[in-house]
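J.: This is the structure I want to talk about, given as structure tokens.
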Amino acid sequence: MNRLDQTGAAAAPSPASASGPLRLDVVTIFPDYLRVLDLSLIGRAHADGLLDLRVHDLRDWTHDRHRTVDDTPIGGGAGMVMKPDVWGAALDNVLAAPLPAAPASAECAEPAEAASLPAPRRVLVIPTPSGELFTQRTAENLAGADQLVFACGRYEGIDARVAEHYAASGVEVHELSIGDYVLNGGEAAVLVMIEAIARLRPGVLGNPESIVEESHTGAGLLEYPVYTRPVAWRGLDLAATEPVLLSGDHARIDRHRRDQAVSRTAVRRPDLMARLDPARLDAGDRAALTRNGWVAPAGAAHPVPLVVRPALEADLPALADLAARTFPDACPSFLTSEQIAAHIAVNLSPQRLATWLADPRVVLTVAELPDGLPTPPEVPGTSLPPGALVGYSAVVAESLDAAGALPAGLDPRPPSVGVPTGPDGVGGLAAELSKVYVDARLRASGIAPTLLAEAVCDAATMGVTALWLGTNDANRRAQKAYRRAGFRKVGTRTYEVGGERCRDVVMVLNPQETVA
Ligand code: 6GU
């Protein structure tokens, strides 16, 4: 693909290295088709001298009585092909049109110096469904030309030697398609391209700021949904569905709109998600990405798909491996690797995980990269294979089974954790958020908050009214993440790892209140 066409490759559109009017020539067998260009902004720009639009009838360059523009395909096949000799005569003429000097060059228009002026940039555009895709990047590029000549083909297209000849003679030639569908001719496509290009020229659009914010520019996200008065219309009440927009808090409104742009793009245009530049995403964007099934790990060239789902039998080996890999990251530095290994062998063994998987009082959730993670060139060896597990969480409810036993591996609930009654005033339930771990390579990519939100949601569904956890006293990063998710510190506990006593902070949250 053409570099121009990569979403996010350019910042705000900055066309027009040239500063004279943009000369547009359209050659067609249906000149009347282009009459609509006299209307609207484009007509105004023409009238204002910002554009110089000329529409030509291709048949003016025929010499036979029937004004023939097409012939049968050499080699056979259906349809007709447009004749290169007629197109050659037309394009030679149009591409030689004198262009007005740019205003800046008017002062130095001495004949001697005129020779040193850069040649005008003339571009031949051939619309064809077989062309490269015309995108906003293409429009930004073409808006910087001095002359655009559009050669509208009909029937099966224009003899391929026409494009070849002009490219070989040094003309900039672009064969462009406006999308993956077939039109009867290039005229409608040219209307599309001219509108997209012309509005990027200085002065054509009333409000240049509206260019900057829109779709397909900026971060490469689709535009967020927009609303106007009345606030309630046909039962759709923005006060209920979009309270943030009515809050007057502009930072929150910006964040909310950006989140909506991310989720809209994730749903409608996964192809654009896969091309986002992580360098243009802030922490809020990353979190929104992750909530919508994508993750942009630090150092990765592009976001990759992420799936958060219940753990399955088939995950057990990889899950045990992940658990063993991530547990040491959360341990205080005074623990020896032997102590940590001893803890993992008992509490995070494949058997323990298998027991949890089979226990309805335990919700085990995993974060998976279905497509894996390609190696970023600057950090070799960090790639992950398709289907890699990169995070997990475990919620263990404090309820008895038929034999009157608590779930395996449930830590004793610290006395500082009270169990409020449910929303209906009965049946409170405690659960331990036993684990939320993320592969160190995907730190700060929004996976932990997503797993946390998922765990709180699952706990709410289970009827849990006190979701509690213990996390190492020294691990401020973890405590901050839990606080962000709504957990509050209620006390401390001692926790043994491989026979060594560690001090934990105890935090708690009522999922019924959080999820309400
Ligand atoms: Cl540029 N021309 C035609 N005939 N069909 C198209 C197209 C162009 N772009 C998409 N379909």
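Glycine is no exception: its Cβ is also placed from the backbone N, Cα and C atoms.
Values in this document were obtained by computation on a predicted structure and should not be read as measured data.
According to TrEMBL:
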BINDING   Gly153, Ile178, Gly179, Asp180, Tyr181, Val182, Leu183  S-adenosyl-L-methionine binding site
DOMAIN    306-512  domain 'N-acetyltransferase'
J.: Take the Cβ of Ile178 (S-adenosyl-L-methionine binding site) and count every other Cβ within 10 Å, whichever protein chain it belongs to.
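T.: I count 21 other Cβ atoms within 10 Å of it.
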J.: Among the binding-site residues Val182, Leu183, which residue has the largest number of other Cβ atoms within 10 Å of its own Cβ?
T.: Leu183
J.: Relative to ligand 1, which of the binding-site residues Gly153, Gly179, Asp180, Tyr181, Val182 have a Cβ found under 6 Å from one of its atoms?
T.: Gly179, Tyr181, Val182
J.: Can you tell me how spread out the S-adenosyl-L-methionine site is, meaning the largest CA to CA distance among Gly153, Ile178, Gly179, Asp180, Tyr181, Val182, Leu183, in Å?
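T.: Taking every pair of listed residues, the largest Cα separation comes to 17 Å.
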J.: Need one number: mean pLDDT over the domain 'N-acetyltransferase' (306-512).
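T.: Mean model confidence (pLDDT) across the domain 'N-acetyltransferase' (306-512) is 94.
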J.: Just name the winner among Gly153, Gly179 (the binding-site residues) by count of other CB atoms within 10 A of its CB.
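T.: Counting every other Cβ within 10 Å of each candidate, the maximum falls on Gly153.
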J.: Please report the number of other Cβ atoms within 10 Å of the Cβ of Tyr181 (S-adenosyl-L-methionine binding site).
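T.: Here the count is 7.
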J.: Cβ-Cβ under 8 Å from Asp180 (S-adenosyl-L-methionine binding site), same chain, 6 or more residues apart: which ones?
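T.: When sequence neighbours closer than 6 are ignored, Asp180 (S-adenosyl-L-methionine binding site) has Pro129 within Cβ distance under 8 Å.
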